[in-house]
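Straight from Swiss-Prot, the features:
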type: SIGNAL; residues: 1-18; note: signal peptide
type: DISULFID; residues: CYS19-CYS140; note: disulfide bond
type: DOMAIN; residues: 34-261; note: domain 'Peptidase S1'
type: DISULFID; residues: CYS60-CYS76; note: disulfide bond
type: ACT_SITE; residues: HIS75; note: active site, charge relay system
type: ACT_SITE; residues: ASP120; note: active site, charge relay system
type: DISULFID; residues: CYS154-CYS219; note: disulfide bond
type: DISULFID; residues: CYS186-CYS200; note: disulfide bond
type: DISULFID; residues: CYS209-CYS238; note: disulfide bond
type: ACT_SITE; residues: SER213; note: active site, charge relay system
Amino acid sequence: MGHEVDSVLPGLFRRTYGCGRPAISPVITGYSRIVNGEEAVPHSWSWQVSLQDQTGFHFCGGSLINENWVVTAAHCNVKNYHRVVLGEHDRSSNSEGVQVMTVGQVFKHPRYNGFTINNDILLVKLATPATLNMRVSPVCLAETDDVFEGGMKCVTSGWGLTRYNAADTPALLQQAALPLLTNEQCKKFWGNKISDLMICAGAAGASSCMGDSGGPLVCQKAGSWTLVGIVSWGSGTCTPTMPGVYARVTELRAWVDQTIAAN
């Protein structure tokens with residue numbers, strides 16, 4: 001496994017799984033839509049989380065950012081009785097060896113606004129640390145000063161609806177490659193709903209859809225997959241000609257760091 005570090009300093013690392021470098025490599029063919037997406041290589045988005053209620057109903061996605069913390073959208077409204085499922089690919093299978101984690105604490109961004117959907121970010125501290133392995137490893141977080149240009153191809157993943165009127169969400173994890181838009185371009189579709197706390201992607205025949213909320217939009221930075229957006233909102237009919245809107249991680253990174261440091 002080229003991405004595992006066998007440290008020359010015994011005990012310092014003990015085979016760490018670095019961020020943004022899944023042990024099982026993703027394969028992206030259609031750079032297409034989750035609405036028009038494709039099935040992901042099983043476990044290749046190793047930070048992908050399924051947030052589920054007590055009945056096992058999947059209501060939002062999320063991303064593992066280290067063994068103790070998951071990031072998702074504030075509008076997912078995670079509660080202490082919800083479950084965090086790691087290492088899942090096929091939600092209809094019981095044979096995957098998933099990790100079902102208990103929520104320890106929930107931190108919603110204090111300036112989350114459900115009307116403007118600004119600051120749509122929430123952190124979950126797991127009650128016990130996740131076990132990092134071939135199928136479960138963290139995503140890198142975009143830095144405050146990172147720049148991800150319009151036109152850059154990035155990928156979103158989730159178990160969201162593959163058609164807006166579908167009866168049920170897909171069992172198998174889906175992915176879609178989407179181009180980033182500049183906020184100027186995005187405002188051509190969404191007008192003044194778009195703030196600096198948001199980043200847009202899509203409008204090229206692909207879109208994130210309901211049920212993918214809270215899940216990742218990742219871009220490659222220096223060979224590592226980096227969390228650039230958190231699925232936030234978009235068209236109610238998941239129109240592939242309208243861009244999806246994501247919470248902009250570069251603008252929210254400082255709050256993430258402060259919250260993790262204090263808890």
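Even glycines carry a Cβ here, placed using N, Cα and C.
CYS186 (disulfide bond) and ASP120 (active site, charge relay system) have their C-alpha atoms 18 Å apart, to the nearest angstrom. Within the set of recorded positions CYS19, HIS75, ASP120, the entry lying nearest in space to CYS200 (disulfide bond) is ASP120 (CA atoms). Around SER213 (active site, charge relay system), taking its Cβ as the centre, 24 other Cβ atoms fall within 10 Å, counting all chains. CYS200 (disulfide bond) has a Cβ environment of 28 other Cβ atoms inside 10 Å.
Sequence-distant neighbours of ASP120 (active site, charge relay system) (same chain, 6+ apart, CB under 8 A from its CB) are ALA73, ALA74, HIS75, HIS109, TYR112, LEU197, ILE230, SER232, TRP233, ALA247.
Between the alpha carbons (Cα) of CYS76 (disulfide bond) and CYS219 (disulfide bond) lies a span of roughly 23 Å.
Under the DSSP three-state reduction, SER213 (active site, charge relay system) is assigned to coil, being neither helix nor strand. Between the CA atoms of CYS140 (disulfide bond) and SER213 (active site, charge relay system) there is a gap of 19 Å.
Cα separation, CYS19 (disulfide bond) to CYS219 (disulfide bond), rounded: 13 Å.
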